[in-house]
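Asks: Okay, here's the structure, questions in a sec.
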């Protein structure tokens, strides 16, 4: 310690004690602030802690440096270096009854008096104490003392014997050090290297020197001015820090020629540097007359690539107090905690808080790291907000194989949870499109298959000017209404809407029966009414009222329908026009809107947004002329595209308009899963190549990867390759011929010709078992199997030779002809190999290559070696 500025030290093994050193030694006990408030004389260190003075030691004047004994016992033994070069062992009144009490008061005296600059206890051999002294031309500057050595014999003059304070016994001085190092030079700083108790790093006058006590005549050194405050990183023993003036040098002892990193501080000189004992690669520095401590985080420092490459660091500054800081000390166990002391002995307990790093997992778990602690955010609210998140929904749908049912396409909405009416409409639309495309292809290939997937908008446009209306009688009423004659295109539109089945029959009876079975009484009654069957509508409403979950008010509605009259000025029409606005069910509203509207003016039905789009479109196809229908479909399509409503796929189909609609849907919901499966269902090639479609598909694939759904990702890729052959990836691995370099698998997987069928890597599955034993390109023979000695490509036979367990190689006929058994298999180290089936059989009982004179341990070169049972491996 220089001047009167105090220094501070934490006890190495007593985490609640520290000592302040200046002209005397003061021992403090740290406790929580709540308890310390009850004691007089406590000093507040922070909001949570306070210090109580335990003892003061004033027996060692002229202190220049202090080092706390590193062992557990004795607890409060300190070495004090004095201005005359002596090192005194003292305590703070805690060890008078200890078995080590003879150590207290012991002095270690150099031959020539000069200032002691630094002290360092050996962390491995705790009895060794290194002292660094100023230069003397006739003496060494680094002395290593053994504190357990006996006192000096008779050659010591009696005048050097003194009485210990408070004791009658005499304690003799020790003048013979264990080692003497560094002649004709000053030692400014010392530290032992933890990797070896015999290695000592010393900051001499103009160099850093590493002394090996096993051979003290030699030393390794490097010339530098940064010789002060040498300290070893406790987590990386080859990394050392030292300083000079305003610069900090970071050294790597494995490359000791020059610093690996130089940190430039402020113009003011440094007074202390210290590695954090609880945090990897965190270095704290303090400059003179400053209230700021700078921290350098070298945890993320990359390894230098070239001689001139300096690693990057993360730098930050902390201000523990407002006054100038004289010294600081890291707490030995509490994370990132330090205590600072000012020149007037004001102390502050301070914790350096880490930068918080957030991590949000793909399954919506939120965690953050703060130092050693890892916290997980748990949702305590019961609003099921997590279940409503689209990522959670997509993940659950992926587990249920949503979108992969290509036979009964409509079932995909059930796999999605059967909760979203838009998804239900979408998958029923795609189901009808697939169904009627197949039906049209069977009737007249190439006729209307592509038109079906183009949507009702394109279908309606193809029949403009071809439809006329005619008057039709009501069922149950003496009335006639104009209905458009259904041509082929309008019938197809009604089929896509689900009102009628495929074929020439236009009866909506089956559709009504399905609605009744699902309990959609109001919708079924409305569809029956739109088909001029008021009697069937009343019957359905009565059935709904009498059902278990039915609404009794349906009887009232049925009664109102039964009183229908065609007179424009009747009381019935007036009352229904008023009361329909008070009905909650949209289908009941449109029923009365239809009955009270004028011929051709059906806006009350067509623009009721709560009615399903497919029902409104089907209604329009029955009652609107070509011009009105086209105008209505165009307007409705634009509304669906802007809103991103999946029901609009019925209108747009899987066309560019459909991509625009789906883009709005994805922007609104983020559901790339539905967008991907929908576009793959039947879109033409130009639509599949759209950048937006490819973007949704790739993002969904990335989502499956992020969720670690590897099998689901594979299923999706297979599903995609079936519906979009152009997306099938090229082979990433193939076997090439040693002579011509051409791929063997390319020719083997080609279409069979002239009665010779080749399957990939060998034999076909045909009963003839065609053989491929040569390269299809140059006709050179393929390599031979190391076990059966037959050219590769032939059908695998049972493994030749005896085995320790015949049942292990007794392959069934199915396994003998399995394609995997014929694959080319070889070791990347020795290049020997053979049929996969033979290799698996061999390595069940052996670890060494089957080729004679080859000692390669093929199966133990990678993790696949773990597949071989240890008890079956031959030594």
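Residue 1 is the first one shown; counting continues down the chain.
From the backbone N, Cα and C atoms, a Cβ is placed for every residue, glycine too.
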Asks: From the set 444, 766, which residue is assigned the annotation phosphoserine by Swiss-Prot?
Replies: 766
Asks: Hey, Swiss-Prot has Zn(2+) 2 bound by 835, 838. Any idea which of 740, 775, 778, 788 it lists too?
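Replies: It is 788, as the record lists it for that site.
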Asks: Would you say the repeat 'WD 4' (223-261) and the repeat 'WD 2' (111-155) are in contact under the rule of three or more C-beta pairs closer than 8 Å, pairs 6 or more apart in sequence?
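Replies: Per Cβ check, the repeat 'WD 2' (111-155) does not touch the repeat 'WD 4' (223-261).
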Asks: Which residues of the same chain, at least 6 positions away in sequence, have a Cβ lying under 8 Å from the Cβ of residue 849 (Zn(2+) 4 binding site)?
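Replies: In sequence order, 786, 827, 830, 832, 855, 856, 857, 858 meet the Cβ cut-off.
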Asks: How would DSSP class residue 838 (Zn(2+) 2 binding site) in three states?
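Replies: The three-state answer is helix.
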Asks: Can you give me the Cα-Cα distance between residue 778 (Zn(2+) 1 binding site) and residue 788 (Zn(2+) 2 binding site) in Å, rounded to a whole number?
Replies: 24
Asks: For the repeat 'WD 1' (58-100), give me same-chain residues lying six or more residues beyond its boundaries with a C-beta closer than 8 angstroms to one of its C-beta atoms, as numbers and ranges.
Replies: 1-2, 7, 9, 11-14, 17, 19, 21-25, 27, 106-110, 112-121, 123, 126, 129, 131, 133-134, 145, 147, 165
Asks: On a simple 10 Å Cβ count over all chains shown, which one of the binding-site residues 832, 835, 838 is most densely packed?
Replies: 835
Asks: Is it possible to get the count of other C-beta atoms within 10 angstroms of the C-beta of residue 775 (Zn(2+) 1 binding site)?
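Replies: The answer is 22.
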Asks: Near residue 778 (Zn(2+) 1 binding site), how many other Cβ atoms are within 10 Å of its Cβ?
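Replies: Total other Cβ atoms inside 10 Å, all chains included: 12.
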Asks: Limited to the repeat 'WD 7' (395-437), I'd like the whole-number average of pLDDT.
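Replies: The predicted confidence over the repeat 'WD 7' (395-437), as a mean pLDDT, is 90.
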Asks: What kind of secondary structure is residue 858 (Zn(2+) 3 binding site) part of, going by DSSP in three states?
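Replies: It is helical.
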